[in-house]
Amino acid sequence: MLDRFRTGLERVLAIVSIGLMAALAILVVAAVISRKLGSSFTWYDEVASVMLAWITYYGAALAALKRAHLGFPNLVATLPPGLRLPLVLLAEGLVIFFFVMVTWSGYQVVEILRGDTLTSLPWVPVRFTQSVIPIGGALFIVAELLTVPERLSEARHGAPAADPDRVLEGVEK
């Protein structure tokens, strides 16, 4: 059941991230064309920066779900067995704690911005644009929790996430 949830979440995050990237690319091209025609969009900069932030948060959650963020799995795998599990637990705990704080702070930001709107699009609430902070933080926490069992298994068995020989293929030893 968790595997299906993880796969579904991965698909949704991929679709959202790709959709946002495509929409941003279309917006940039449309803005360039409209500017060349002498009638630029007054709202382009504000919307593009919001979209970039959304891509960052949703893409980061997707990367967390795929364990694609910077890490040191081979270093952890070389540690003595008695250190691997506590170190992984500490690291996972710190990451989750950090994103709990991001989520909580993001919620506070959204509450503070009640009633504010975008300058160039007064019908768009800033709360909507900034809602990506607590949502993205919560998605990152879910992604971490879904991948913790895999990480703990790797820590118990000392299995690196990547084969060092494959990483160094083509490099003289």
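Positions of Cβ are set from backbone N, Cα and C atoms, glycine also.
Taken straight from TrEMBL:
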- 12-35: transmembrane segment (TRANSMEM)
- 24-148: domain 'Tripartite ATP-independent periplasmic transporters DctQ component' (DOMAIN)
- 47-65: transmembrane segment (TRANSMEM)
- 85-107: transmembrane segment (TRANSMEM)
- 127-146: transmembrane segment (TRANSMEM)
Check: Mean pLDDT for the domain 'Tripartite ATP-independent periplasmic transporters DctQ component' (24-148), as a whole number?
Finding: 93
Note to self: Just to be sure I understand, if DSSP states are collapsed into helix, strand and coil, how many residues of the domain 'Tripartite ATP-independent periplasmic transporters DctQ component' (24-148) fall in each?
What the structure shows: 95 helix, 2 strand, 28 coil
Checklist line | Residues of the parent chain within Cβ reach of the transmembrane segment (127-146), under 8 Å, 6 or more residues beyond its termini | finding: 2, 5-6, 9, 13, 50, 53-54, 56-58, 60-62, 64-65, 92, 95-96, 99-100, 102-107, 109-110, 113-114, 116, 118
